[in-house]
Amino acid sequence: MEELTGCLKHKQDENEEDSSLKAIVAQEDPAFYSDAAAYWDSVPATVNGMLGGFAHLNLADISGSDTFLRSVFKMKNPPGHGRAVDCGAGIGRITKHLLQKHFGKVDLVEQCQNFLDRAKENFKGSKKIGEFLCQGLQHFSPRPNTYDVVWCQWVLGHLTDADLEDFFRRMAYGLKPCGVIVVKENVTSSGKVELDEEDSSVTRPERQLLDIIERAELKILKNTKQPNFPKSLYEVNILCLKPKKKSILS
Ligand SMILES: C[S@@+](CC[C@H](N)C(=O)[O-])C[C@H]1O[C@@H](n2cnc3c(N)ncnc32)[C@H](O)[C@@H]1O
């Protein structure tokens, strides 16, 4: 099977010492975003394209997310089932197999027009889909008090650390009073941030992701691992977050 770089990824060789430094330097360069956009423009608008050549893991991914989301709905003061947003939605794989089953409306935010066009075709006539927003997440600013769940999967490595912190703060503002942010992302086991020069993204160690979450004044309600993925791939954390401070709107 053709293997693309993308979300599901093989772990890097831990002896690649300068990857961590390169990852820090890369985030200072405006090309960090333009290179990623150019990379994704070259990727087929298919499930296999979204999953970096690992389409056979789609079911395991969705099943892990479904179990997680159901556990979120069982929490004390759970989010509602009204409206979710799929951040870095690609062709709408997660919306199709997961989010539209749990929410009355789902908005999609995606920077690649080609992927959004495919999503529009796939969801033609569906009453479950709200807005298709062609935008980088570094610019996405939801209206206040809008979302029950903000779903971010395999995209946050495309934001610099500083932009990720700001993104989390804006998402917190866009949540309804019991709303939550779900993050599903690869983490390194080397303890270091690793750069993927092909798709222009970083994979962070869990500690670094948690530090950014802390700086954005979010609290962690759940933090688990995606089960049943091959050991050769990066581990995937699934987190449920909510703002530490009560919104002035709630
Ligand atoms: C690995 S794919 C995952 C797509 C989808 N989340 C899924 O799991 O099926 C990464 C997606 O993030 C999008 N992306 C990359 N950088 C982005 C950015 N700065 N803002 C929004 N989306 C971005 C890509 O265009 C691509 O659709």
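The backbone N, Cα and C atoms fix where each Cβ goes, glycine too.
Residues G88, R93, L137, Q138 are recorded by TrEMBL as S-adenosyl-L-methionine binders, and the candidate that the same record lists for that site, out of Q113, Q153, is Q153. For Q138 (S-adenosyl-L-methionine binding site), the count of additional Cβ atoms within 10 Å of its Cβ stands at 16 [all protein chains shown]. Put simply, the two farthest-apart Cα atoms among G88, R93, L137, Q138, Q153, the recorded binders of S-adenosyl-L-methionine, are 21 Å from each other.
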